[in-house]
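In Swiss-Prot this protein carries:
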- D7, D139: Mg(2+) 1 binding site (BINDING)
- D7: active site (ACT_SITE)
- E67: Mg(2+) 2 binding site (BINDING)
- E67: active site (ACT_SITE)
- D139: active site (ACT_SITE)
Amino acid sequence: MIILGIDPGSRKTGYGIISKQGNRLIHVDNGAIFTQSAKDFPERLEKIFTGLSEIIAQYRPEVVAVEDVFLAKNAQSALKLGQARGAAIVAAVNVGLPVHEYTAMQVKQAVVGTGRAEKAQVQQMIKALLNLPEVAQEDASDALAVAICHAHSAGINALFKNVR
């Protein structure tokens, strides 16, 4: 299963693609879509949508996992972040992909084992889990963490489904 993890942001939207093969997680790609703050906000949203649409077309993930961000420095930041999340979600839904949302605490719990882990701990664990030569850039690392969270959650959900 190919999973696209997304860490939405109005300036940088991180993406991370992993492949889950049995119990193995394999790194496929990661990076970030950068928008120019000098541009009008609708143009920035369009860049996020278009960039993620191109990534989806290239890697053909089976599922998308998005970080559900609920904290922001101020109301305006929260609104912009919500709109960036919307652009990311629409890019996935537009081509029929299922979208799953995870809180930062759920992501940290799945990757490190505690929902109160520090960012550096999460980054080091991602490096180890995916056998990366170095720690990924921050937004990409967060997106890889979201993808790993979904990989773990999907496995647990499948077990519970089979129990019923």
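Cβ coordinates come from backbone N, Cα and C, glycine included.
For the recorded site, D139 (Mg(2+) 1 binding site), the DSSP three-state label reads helix. Under DSSP, the residue listed as 'Mg(2+) 2 binding site' is assigned to a strand (E or B) in the three-state scheme. DSSP assigns D7 (Mg(2+) 1 binding site) to a strand segment in the three-state reduction. Ranking the binding-site residues D7, E67 by the number of CB atoms within 10 A of their own CB puts D7 at the top. Other C-beta atoms found within 10 angstroms of the C-beta of D139 (Mg(2+) 1 binding site) number 23, with every protein chain shown included.
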